[in-house]
Amino acid sequence: MMQVPLEVIAAVMELVPVPCSLIELEARVSEGLPASALLVCVESVTVSVKVQRTLLAQISSKVIYRRDMRQLTRDESEKTERLARVLAAALHIWGNLSDARQYLATPHMLLNGQTPLDVVLTELGALRVEELLWTLFYGLPA
């Protein structure tokens, strides 16, 4: 399975400085990403404020209720990175944010009728969505 460049994943989360390697990104995720990475990622992947709040609550209810929070936990950071990685892949494959959002919000039969956003927060769910995206990219039968 192809992987989107690290710079694109970092750009989705607006990480500064941009990690130079997967090892560096992994270390930053382990230490806790800035809460701003989650907010930017969720705002990018969804249009509706209601969907944004729902997705934020699934990842970190603290971000919704505690505006002073500056750093995510490791678990929250892992979920944020997965979301960013899948969004980066969707952007690469669809070519624009509007189509990528639509794909991520549309139920898919190979995801048991769930949307990619419904399953992306677990590592296995993110892998399933990425596999579907690359299957589309290469024009392979699903």
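Placement of Cβ uses the backbone N, Cα and C atoms for every residue, glycine included.
Computed from a predicted structure; not experimentally measured.
According to TrEMBL, the features are:
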DOMAIN    25-85  domain 'Antitoxin Xre-like helix-turn-helix'
DOMAIN    89-139  domain 'Antitoxin Xre/MbcA/ParS-like toxin-binding'
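Helix, strand and coil counts under DSSP for the domain 'Antitoxin Xre/MbcA/ParS-like toxin-binding' (89-139) come to 37 helix, 0 strand, 14 coil. For the domain 'Antitoxin Xre-like helix-turn-helix' (25-85), the DSSP-based tally of helix, strand and coil residues reads 46 helix, 2 strand, 13 coil. Taking the domain 'Antitoxin Xre-like helix-turn-helix' (25-85) as a whole, pLDDT averages 89 in the prediction.
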